[in-house]
Amino acid sequence: MILVYIFETYLDVRQHAAHKLPNLPKPLIGVVTQEKFEKSRAYSLDKRSVFFLCCCNHIMDTAILFYGVLPWFWKTSGFVLGYLGLNPENEILHTLSFLAGSMIWSQITDLPFSLYSTFVIEARHGFNKQTVWTFFKDIFKSMCISILIGPPIVAAIIIIVQKGGPYLAIYLWGFMFLLSVLMLQLYPILIAPLFNKFTPVNKADFLIPFQGYLTCLFPKENLERKLRNLHHPLNSIEEAAYMYGFFNNKRIVLYDTLLQQCKNNDEVVAVIAHELGHWKLNHTVFSFVAIQVSYRFAKGFVFWSLKLKFNELLIIIIIMWLGMGFVSRCHHAYLTVIVLFFCSMLLYQFSIRKFEFQADAFGKKLGYAKELRAGLIKLQVTDCRL
């Protein structure tokens, strides 16, 4: 964790130094005015300062591991259950109590930085649309969703671990696979609308170019029915659009900033063509498979290793967790699954970047290279986020 933080800090220090350079980069000359560039520099430097402020979070996390706070918190959560008249020996209740306390602690420690970023940095540069009421309402919604769906999932995982036997890894992977499919279908329908407003995109002139090859990929009548406009409260342009869903539940979501800033219909079409590239190349399916492989690798490795008494790597892992105060063999398995999963996610992130380049190439192949570039630059210039 310390090494990761040092590496991230090194990258951010370099980026911070680049943002302090007053000269307009050569690729942006003639595209961005000096005034827009200065506004972008000011915003980027302010955002970077939030990252450096977050170093206290890393210091706190390191102290938590060094002083054995997590095992103490686990024991304390058991005492709380006993005080409430519940059975602390019940592993499901004990785990839920531990996770509930961790969630509350995380919300408390992250709150000052979230408030500062939203109501100071974003507001200073005119990007914030949230009020204090909507800010805390979203936090409350997130916690309610976690309370509703978290306990059944945690309980199911613990029961599978307790009763899985020699096929534990397969059962656990199967459960997570089915859960992932279910959440991919339910999230955009039930959860996402709680935080953002989605409206059907009205029939517009920018749908006219979808003829020929594009119509074969995604019939125009389906495109009109499955396009959604997202009204994002943060006015973020980190994404202009995205695609989600499998089979007949596919949707293309266009951020409201895209439709507001790109008055040229060809630029909107170019962004849609990029998203259709993800669909044509099955990136949604490949991304889903990559995540499942990561799950399977992490859990399979750990539960296979636990059967071997003299596995050197396992001994190192156990020593690491013992040093943090966790003495239970089950704790070693749970925690190691998490660590290995995050390591495997690094490869997943590389594949995601590759998919983005492939989708860009798809749009370029269809003749929308200039329009896609122009549209994205226009969004960046308008919101000063270069």
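Each Cβ is built from the backbone N, Cα and C atoms, and glycine gets one as well.
Because TrEMBL annotations are produced automatically, they should be read as predictions rather than curated entries.
The shown structure was predicted, so the numbers you read here are calculated from the model rather than taken from an experiment.
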Out of E122, E356, which one does TrEMBL list together with H274, H278 for Zn(2+)?
E356
Counting across all protein chains, other CB atoms within 10 angstroms of the CB of E356 (Zn(2+) binding site) number 13
Calculate the distance in Å between the alpha carbons (Cα) of E356 (Zn(2+) binding site) and E275 (active site), and round it to a whole number.
9
Around the Zn(2+) site formed by H274, H278, E356, list the extra residues of the same chain whose Cβ is within 8 Å of the site's Cβ centroid.
E275, G277, H283, F355, Q358, A359, D360, F362, G363
